[in-house]
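Colleague: Summarising the annotation, Swiss-Prot assigns FAD binding site to 6-36 and lists sequence analysis as the type of evidence. Taken from Swiss-Prot, the feature S-8alpha-FAD cysteine applies to CYS315.
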Amino acid sequence: MSPTYDVIVIGLGGMGSAAAHHLSARGARVLGLEKFGPVHNRGSSHGGSRITRQSYFEDPAYVPLLLRSYELYEEVERSTGREVATLSGGVMVGRPDSLTVAGSLRSATQWDLPHEMLDAKEIRRRFPTLNPSNDEVALYEKKAGLVRPENMVAAHLQLATRQGAELHFEEPMTRWEPYRDGVRVHTAENTYTAGQLVICPGAWAPQLLTDLGVPFTIERQVMYWFQPRHGVGPFRPENHPIYIWEDAEGVQVYGFPSIDGPDLGAKVAFFRKGVVCTPETIDRTVHDHEVQAMADHMSRCIPDLPGTFLKAATCMYSNTPDEHFVIARHPAHPDSVTVACGFSGHGFKFVPVVGEIVADLALTGTTAHPIGLFDPRRLAAAPA
């Protein structure tokens with residue numbers, strides 16, 4: 001007889017680990033299946049840091065979810081003793097009419113979020129590491145900062161295990177089908193049944209959700225670490241903010257203070273400037289010309305940052321055509337399958353609240369959280 005569960009969760013990265021935690025916290029009998037080992041670096045939930053912010057330039061509709069996610073950061077830290085968020089402040093820099101600045105200001109204004117607007121002179125005075133041009137401004141948000149992806153995943157796995165979830169690593173799902181009043185899931189090792197299936201596939205969405213009708217694009221991204229020219233002191237969190245910086249051509253970069261000691265530098269990356277790939281074909285080698293392009297770009301806006309190149313790492317974005325998430329009951333299987341995917345390079349800060357939403361959907365079929373923006377049916381006929 002197949003082992004039977006209330007819910008099977010496919011994928012135990014950021015979203016899946018949070019889903020396993022929230023489901024098991026509510027008493028559900030949970031099985032989690034993961035292709036790789038725990039807290040791996042093959043997908044989208046690694047790299048030491050991810051930006052978190054509330055003045056959200058992508059759309060004001062995200063703000064209520066961010067406010068809840070911030071509450072859950074604290075709950076996770078209290079429950080596990082792991083640091084998952086460092087809120088040391090952040091700036092959104094660009095021309096006043098740039099998406100980064102204008103969109104952030106729109107969300108801050110609509111939701112009455114604490115913020116300050118800084119002109120170029122004030123940016124340079126407050127943050128001497130930054131060198132904006134005279135026509136650039138910044139929205140400063142005190143509650144912006146970073147989340148630590150590996151710690152976040154480890155914390156949610158810890159909580160799920162503590163609450164009785166059964167987590168199987170290096171056991172990927174090979175296929176699933178509807179079965180009686182639920183689902184049947186196959187792996188190379190076994191066959192399992194459950195009343196509900198949750199699929200959090202990350203970059204494997206095009207392979208695992210072919211019947212969803214969403215044209216996902218998987219994009220290779222590169223993260224870089226540099227030793228600043230004059231050491232990391234000026235780049236410590238008390239001196240140097242997280243930032244998203246949009247230039248006159250609309251190119252965005254994002255970066256972090258130095259958080260891991262004097263020898264590990266500071267991290268920076270381009271936002272959505274990668275090449276299309278698959279999890280099987282991604283080039284995980286970072287080439288000299290890529291490092292040079294990053295250093296050249298940063299030498300204009302943060303001149304002291306690109307001193308000595310230390311290391312680089314790759315990850316993958318799973319993009320939707322409109323760059324908004326997919327979180328919903330599966331339209332083709334609305335009674336038994338919940339999906340959370342297509343986070344388009346800006347999802348990790350939402351991990352705790354997405355876990356809560358997924359648990360709502362899987363156990364009750366609905367959620368009080370505002371997720372209308374994330375219905376996959378909006379994309380069913382969209383071009384990739």
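Here the Cβ of each residue, glycine as well, is placed from N, Cα and C on the backbone.
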Colleague: Fewest other Cβ atoms within 10 Å: which of the binding-site residues HIS22, ARG26 wins that one? Let me know.
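Modeller: Output over binding-site residues HIS22, ARG26: least Cβ neighbours within 10 Å is ARG26.
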Colleague: What's the number of neighbouring CB atoms sitting within 10 A of the CB on ILE10 (FAD binding site)?
Modeller: 24
Colleague: Hey, how far is GLU34 (FAD binding site) from CYS315 (S-8alpha-FAD cysteine), Cα to Cα, in Å?
Modeller: 17
Colleague: By Cβ count within 10 Å, point out the most packed of the recorded positions listed: ALA18, VAL30, CYS315.
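Modeller: The residue with the densest Cβ neighbourhood is ALA18.
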